[in-house]
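Features reported for this protein in TrEMBL:
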COMPBIAS  520-530  compositional bias 'Polar residues'
COMPBIAS  531-544  compositional bias 'Basic and acidic residues'
DOMAIN    391-426  domain 'EF-hand'
DOMAIN    428-463  domain 'EF-hand'
REGION    519-544  region 'Disordered'
TRANSMEM  58-84  transmembrane segment
Amino acid sequence: MSRCAEAAAVAATVPGAGVGNAGLRRLMVPRQASFFPPPVPNPFVQQTRMGTARRIQIFFLGIILLPIRALLVALILLLAWPFAAISTACCPEKLTHPVIGWRRKITQPVLKFLGRALFFSMGFIVTVKGKVANAVEAPIFVVAPHSTFFDGIACVIAGLPSMVSRNENAQAPLVGRLLRALQPVLVSRVDPDSRKNTINEIIRRATSGGEWPQMLVFPEGTCTNRSCLITFKPGAFIPGVPVQPILLRYPNKLDTVTWTWQGYTFIQLCMLTFCQPFTRVEVEFMPVQVPNEEERNDPVLFADRVRNLMAQALGIPVTDHTYEDCRLMISAGQLTLPMEAGLVEFTKISRKLKLDWDGIRKHLDEYATIASSSKGGRIGIEEFAEYLKLPVSDVLRQLFALFDRNHDGSIDFREYVIGLAVLCNPANTEEIIQVAFKLFDVDEDGHITEEEFSTILQASLGVPDLDVSGLFKEIAQGDSVSYEEFKSFALKHPEYAKIFTTYLDLQTSHVFSLPKEAQATPSFTSNKVSPENREESASDKKDD
């Protein structure tokens, strides 16, 4: 019997090979709890639908309220500017010493009053809960959820603490001077050392013993729709000093404040808010949180504990979404995918799977290539088979099921990234590629012919009339495939790793199902592959 025929015979002897769903060989992968989908699919979008009655109400109220409030806002900002100018006169843009003395004593009370007047003129009714800690008790405030530019009201209620802001904001006319009066920590986009310098400045101020004003930080780093708390960045927790959490709530029937990556624009939100009779906001100062020794050494641990406490008080879940998810969401939209397709909980995925943003962004391009022809930006079994240039078979269904972690019959981008990292990449090592090449190289001449390639895949997939000419031509540069060509293709297309090693699984299954005396000298081990030489197939059971 030829080795090609042996390959087909092996496939035929495996129970259920190529016979419906009942005979599928189960390639189980544990669904780790740490990879479960987030409780909130997309915290970066805001619903913008509004009824006709509400539109009419806003229109008629806006005729009266909008011009009055816009005029009051402009007037208060103009009144505040001279006091901000006095506070910052003769001071460098990046402060090396805090503003003290008569200038601070005169300007700070006036700016606090005008800040409250500003939000009152815009129609905000503020309810304050809890007690504001002083600079010795809590050098840093952490505010969440961060959902709008109106969240600056927390800064006013907290007594105008310093904030972290972009250097460009301090250059803006009028608003820039007001910002500088808060003695902010300025971040530069062009300075490669800006992040390190910012952290050092936060540590210096937070550990000054009350010499500097308190710091106020929005640890989420971007705006959400308040449906959850996303990952807290560790910056506010690195100094290892006590922090006071501040909760923000907007208990209004009509949400006119939420400013996310997909929803109302800045101008639209200002106009809608100004046209409301009033807008309620609750600012709650929680008890000061003091880090323990372990949390002082691990700011991420401290940040997670504070986030969990704040989420519990708000009654909302936490997720591992970050600003990087927003970038992926925008990239998905540019690739004509639904924007939410790019959301993967970047922090969790990158940490668990050892992937950086560029790597996940590359996977998004690959995913878009497969999903471009499907509706909803998800991959079905047909798109999966078409991309692999293989027919829908039992083995392909098994592979698809391993990617489809929630068993809904489709693969989203998150499942695709996890599948590649947990299933395919561990099974796509140099050793495994060599083993797979030897399996296909039936006559052991160092090259794979189309006949050999077709025979092994027919045996692996249990499809006797399988046509793999299209796939073979994609791999081969000529009439046969060399090892380098095979390796290059396997590394670029890790999805094939499980397909290429399926025949090895067939051999293993066949050997261990034979009587003991028959296992001693199996006829097909002449292809230099045997179960004893193969490590236990744990590549698809990667712990996390």
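Just so you know, glycine gets a Cβ as well, placed from its N, Cα and C.
With a cut-off of 8 Å between Cβ atoms, the residues of this chain six or more beyond the transmembrane segment (58-84) that come close are 50, 106-107, 110-111, 114-115, 117-118, 121-123, 174-175, 177-178, 180-181, 271-272, 274-277. Across the domain 'EF-hand' (391-426), DSSP helix (H, G, I), strand (E, B) and coil residues number 22 helix, 1 strand, 13 coil. In terms of DSSP helix, strand and coil, the domain 'EF-hand' (428-463) has 23 helix, 2 strand, 11 coil.
On the 0 to 100 pLDDT scale, the domain 'EF-hand' (391-426) averages 81 in the predicted structure.
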